[in-house]
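Engineer: Before I ask anything, here is the structure I am working with.
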Amino acid sequence: MKAQARSLRVRLPAFLFASEALFLVLYFSFVTYGDDADAKLQNNRTDPMGNSLYRDYPFFADVQVMIFIGFGCLLSFLRFYGFGGMVFNFLTAAFAIQWAILVQGYFQFYLDGKIRLGVANLLNAEFACAVVLISFGAVLGKTSPIQLLVMALLEVPIFAITEWAVLKYLQINDVGGSILIHLFACYFGLGATFALYRPGLREGHAKEIAGYRSDILSVLGTLFLWVFWPSFNSAMALKGDDQHRAVLHTFIGLSASTLTAFALSTMLSERGRLTMADIQNVTLAGGVTVGASVDMMISPAGAFTLGVMGGTACMLGYKYLTPFLSHRFRIQDQCGIHNLHGLTGLIATMAGIWAILSADEETYGPSLYQTFNYRAPPEGDPKLLELQQVIPDLQPGLGRSAREQALWQVAAMGVSVGVAVVGGVLTGLVMKLPFLAPPPDECCYDDELFFDVPSDYGGIGGSRSSVSRQEDSKV
Amino acid sequence: MKAQARSLRVRLPAFLFASEALFLVLYFSFVTYGDDADAKLQNNRTDPMGNSLYRDYPFFADVQVMIFIGFGCLLSFLRFYGFGGMVFNFLTAAFAIQWAILVQGYFQFYLDGKIRLGVANLLNAEFACAVVLISFGAVLGKTSPIQLLVMALLEVPIFAITEWAVLKYLQINDVGGSILIHLFACYFGLGATFALYRPGLREGHAKEIAGYRSDILSVLGTLFLWVFWPSFNSAMALKGDDQHRAVLHTFIGLSASTLTAFALSTMLSERGRLTMADIQNVTLAGGVTVGASVDMMISPAGAFTLGVMGGTACMLGYKYLTPFLSHRFRIQDQCGIHNLHGLTGLIATMAGIWAILSADEETYGPSLYQTFNYRAPPEGDPKLLELQQVIPDLQPGLGRSAREQALWQVAAMGVSVGVAVVGGVLTGLVMKLPFLAPPPDECCYDDELFFDVPSDYGGIGGSRSSVSRQEDSKV
Amino acid sequence: MKAQARSLRVRLPAFLFASEALFLVLYFSFVTYGDDADAKLQNNRTDPMGNSLYRDYPFFADVQVMIFIGFGCLLSFLRFYGFGGMVFNFLTAAFAIQWAILVQGYFQFYLDGKIRLGVANLLNAEFACAVVLISFGAVLGKTSPIQLLVMALLEVPIFAITEWAVLKYLQINDVGGSILIHLFACYFGLGATFALYRPGLREGHAKEIAGYRSDILSVLGTLFLWVFWPSFNSAMALKGDDQHRAVLHTFIGLSASTLTAFALSTMLSERGRLTMADIQNVTLAGGVTVGASVDMMISPAGAFTLGVMGGTACMLGYKYLTPFLSHRFRIQDQCGIHNLHGLTGLIATMAGIWAILSADEETYGPSLYQTFNYRAPPEGDPKLLELQQVIPDLQPGLGRSAREQALWQVAAMGVSVGVAVVGGVLTGLVMKLPFLAPPPDECCYDDELFFDVPSDYGGIGGSRSSVSRQEDSKV
């Protein structure tokens, strides 16, 4: 363990300084201000209060809280790994966002050889960062910070390319990111943890346990995610009624999955008691299940139903699927991301398709062609001009029917999952390289390996290890 | 205790699933989108950025933080009941908001047989939820989650009817909700805890004690409430200068009560030391005392004075009144809500009346008839037309004088307190029903009854029970 | 210790009540509403949604979170002083803001014998409060609450006069407050702690140690500061593209200093492990270093570079300079504010000068004369009229050249540091007066002196004091 840690002393700084040097060169060469942040382009003809900053910044700030505080606290549930959960989340997030600004910038904000920077890019980069942090949940406690950074280094571009290709070529509805963010992140993480399989942890680990205070902190993280999730799901929606619906549906979906989580957690517990891991995770399932149809007219009752379905699937997944995947398929999914992001993402995809198939002009009026822009007539079609008289700023679409679109949505799901699995496994293989300082089995879930711990660290134990493996895989 | 817990295994899921089924049917049958969330009604003639979402959502999000994080942390001060405080708050809040959307929707947002949903409804529902959570403070640690849900189930409609009747028929000034929210919630909670009187806890309980880390978490909750209280108090104010004043007064009032709390906590302590329970509660008193006049021209010095008065009354209440109520009147007010919401609510009502009596056109200009709309001339009065030339969007009022209004304010206070006491006692009697699984005396304030606790739970004790009963009733 | 505490029982309330009485008289005599909060001045010709509340309140609320929650948690890292860190921060902040509203009001918002109050004043007062809280970091754990209040009482006016004089007469660029806030606060705090030198703590103190849970809470505080720092740095920027850039640069700077902090913390640790004190502090350095040029066209790469420089200087300061200052110069800088606010403030000043010297019309267009208003032609200059045809609302400036301005920036830095050192030492001497109840050496870093602690306080120790003095001075 000593040699191990000493080697981190060279490798982590080396990796970080190399990355920073690379980032700095790329920022210097390619990143400039977007129009709304450029002093020269803003003049007396532009209204300062009309700057896109004021539209984007509130959402950016809310998602910042989710990323750094929500995820950070949530991942701190392990009794001996509170530093690791919160601090590696901080490191990985800061790294991933910097990197995503560059990579997404190249694909989405590139003009005349330069990436145009604004708060909108930062917001997009946060979504890419959320992808990495969700995947992190699968390997929590079993990876060195260098491994996590390598994961971010590889996952961000794989995600960014997939995102760009899907948005540009497949053109799907997925405002809340259930398909592109949650499904991708989940299967990428599962792929990585599969490649990183540790037979030595098959029977559990004495330190793979929650603690009383760390469970409370973790619930606090859940609450931050819960409270700001409507901002996450609505940030990318069209302004106006679309964004309004996204807020309503997310709130209703989360409430419904919360009530479901409490009901099922008690019901499925042998002694009729609540399990904190369920409160920490299953309550959030509704935020994912509404995601792919969150801006549509799915009705408040529809959002409620999706919340109940999400809570149920997620809870059953924790109870039955996670142990099964772990024992049969060697997928050690530490935080159970397959339940909170995978199963729910599949439900969300189906719900999105259902909502697309039910959408018609009677319900949406002419704004049907904005929310579902691919249904608008293509450039040159005389029907387009007709519609543009009702909606002057309507963009030409692809003239797709709802049924055609359903297939595109399925295709997008397939691409997202497929790329994620392959990318995740390959990334996991890279992460396995010994010079990335993976912790030995016996030092997993232990802050002492990577941190100077205070002198009371030894005393936080209490009586250890009475918790069964099955319980652990859930937390 | 085993039988007890096992019974929860059936009852809590049964109650929650039944409620969810009911909610779902009601959402399906009666809830549709409000105008600003309806795709068809938003078209090229409506400005997306003019959507009410952008006016309401920031306030909604701030109050969300107060409800789920502020209250959650604040209620986690008991050393062995940190899960219960934070998690039952989460459950109760999610339940209460869902239910309040339906009940308030029926009374306030009902049109053509449908409840029209928007973020404004959610914000209103959060206020109803705050009512339930304040009442929760009176019975913390002594109730099962089913009892809390039953309390929410009954308190929300009783509150919603009172709110609707007072706002529609009495027409009072109470932007910060001191009369309708704080007084109601307080006396409802006292009524319930009176009905739930436990003689076995008369001499205290070994686990009814705070802990070092839980006290810090609880102060964190206080700080979240403190920081976002200006949003709570101003959310319902008229836009513009009224809302601006509400923010200013709330901040000044809170600051003044905070300084007062520190001064009195030291002064009234035998050993001249600060008591954490005072910091957690008394500092917030100013937010309540300014509530009923928070949008009026009470002057910054007026807000300061109200803060000092609130802090003083609340502190004296904790020191002398709570033990008295507990021993003489069998009102076991766990968190001392009578001090933070009752005494302060009474002061707020009086201050509101004083502010109404001092309001004149010289201070307010013609906007007097907007802030005090009941003073505007009624429909048909020629003076109304005259005023409408100065304020084009002035609504017709009731032509009341300030002195008449003072009586209506008193009446509203009477109605609020009266309905709350009766409703609270009756609700408490219902909560006493044995199949709601009330915890036995010896299992109060103990997370082990309702949660699978981590293995370090047994070790968090330290040396117990050296704290006197009187101290406990304060925390 | 008993006599000590008893004396607090009289002195703290006496001080607080006297201050509150004074404040109340001053509020009553001098504070009235600003135009945007005055009912009479807002009428049918003013647009309620155009009220300055809606521009200022979001920034105010974000900075509130930083002040009360961010600082509060960050200062709670000491194992036996968690109450003190969080609660004295609360008290000092509430006191300092109330006082700053009056003092800054006199200098900046005074008209016709009255201070005009609005949320803008509150926001300014929060910046003055941040100054006091940064200085607090130097003396954490070694001061009674009365001493802290006396510090606030003296520091706020000394700061407010300096701020007013610099802004009015020197006219500098310092939107993020690196010169006026961070440098001032740092050197004031160092001056005070120099005057309060305690030889008895030269060799450390058994309780001057962090704890496992308190370290996590402290990181949480860091994260709140990190997340909302863009609001802090941009709050005072011109609306539009200037504010947009301030947000971008702060985020990029913080990310860069975060990666640097992780790299250097591992590299400089003997065993290649991360030190929590570095994560808690050094990660934030980039927020300060970008501060003086945060609204300028320094380019994203420039902000990145400043972040790296800040993280490096701050880290080296913790490692080498703080122990040196402590042993050679008797400056016991408890939280190492000289590293996070002093060294970084100096870098920020230099960067600001560099950015000013590189600013030209080619990059900024005519808005050069807005961002650098002192460069605009003075009243009466025909060039002013010419420019006002391009920018109608351009204010007349001072006709300074960039090179002249560089000297003014240096002068401002000199004034800020000079006044702070002298003011800090004098304030420290006042704080030394025995009737302000300074804690005896043996009771430093100990909550028991000022708080009724829960019965588990004795048990939180673990094995103490194995941490060396050098480590301690860092945390």
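Cβ coordinates come from backbone N, Cα and C, glycine included.
Values in this document were obtained by computation on a predicted structure and should not be read as measured data.
TrEMBL lists these features:
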- A:23-434: domain 'Ammonium transporter AmtB-like' (DOMAIN)
- A:12-33: transmembrane segment (TRANSMEM)
- A:59-80: transmembrane segment (TRANSMEM)
- A:87-107: transmembrane segment (TRANSMEM)
- A:119-141: transmembrane segment (TRANSMEM)
- A:148-167: transmembrane segment (TRANSMEM)
- A:179-197: transmembrane segment (TRANSMEM)
- A:209-229: transmembrane segment (TRANSMEM)
- A:249-269: transmembrane segment (TRANSMEM)
- A:281-298: transmembrane segment (TRANSMEM)
- A:304-321: transmembrane segment (TRANSMEM)
- A:342-359: transmembrane segment (TRANSMEM)
- A:406-430: transmembrane segment (TRANSMEM)
Engineer: Relative to the transmembrane segment (A:119-141), which of A:12-33, A:148-167, A:179-197, A:209-229, A:281-298 accounts for the most Cβ pairs at distances under 8 Å?
Structural biologist: A:179-197
Engineer: When only pairs 6 or more apart in sequence are counted, do the transmembrane segment (A:148-167) and the transmembrane segment (A:249-269) reach 3 or more Cβ pairs under 8 Å?
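Structural biologist: Counting Cβ pairs under 8 Å (6 or more apart in sequence), the transmembrane segment (A:148-167) does not reach the transmembrane segment (A:249-269), since there are fewer than 3.
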Engineer: Same chain only, please: residues at least 6 beyond the ends of the transmembrane segment (A:342-359) with a C-beta under 8 Å from a C-beta of the stretch. Say none if there are none.
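Structural biologist: Beyond its ends, the transmembrane segment (A:342-359) has Cβ neighbours at 173-174, 176, 178-179, 182-183, 186-187, 190, 285, 288-293, 296-298, 302, 306, 309-310, 313-314, 317, 321, 368, 371-372, 402-403, 405-406, 409-410, 413.
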Engineer: Please compute the mean pLDDT of the model over the domain 'Ammonium transporter AmtB-like' (A:23-434).
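Structural biologist: Per the prediction, mean pLDDT sits at 94 for the domain 'Ammonium transporter AmtB-like' (A:23-434).
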Engineer: Would you call the transmembrane segment (A:179-197) and the transmembrane segment (A:281-298) in contact, using three or more Cβ pairs under 8 Å, pairs 6 or more apart in sequence?
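Structural biologist: Between the transmembrane segment (A:281-298) and the transmembrane segment (A:179-197), which are separate recorded stretches, there is contact, as judged by 3 or more close Cβ pairs.
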Engineer: Under 8 Å between C-beta atoms and at least six residues away from its ends: which parts of the chain pack against the transmembrane segment (A:209-229)?
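Structural biologist: Answer is 62-63, 65-66, 69-80, 82, 250, 254, 258, 276-277, 279-281, 283-284, 287, 460, 462, 464-465, 467, 472, 475.
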Engineer: Excluding the flanking five residues on each side, which residues at least 6 beyond the ends of the transmembrane segment (A:304-321) place their CB within less than 8 Å of a CB in that stretch?
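Structural biologist: Same-chain residues near the transmembrane segment (A:304-321) but 6 or more away: 249, 252-261, 264-265, 268, 277-278, 281-283, 285-286, 288-290, 293, 298, 336, 338-340, 342-344, 347-348, 351, 474.
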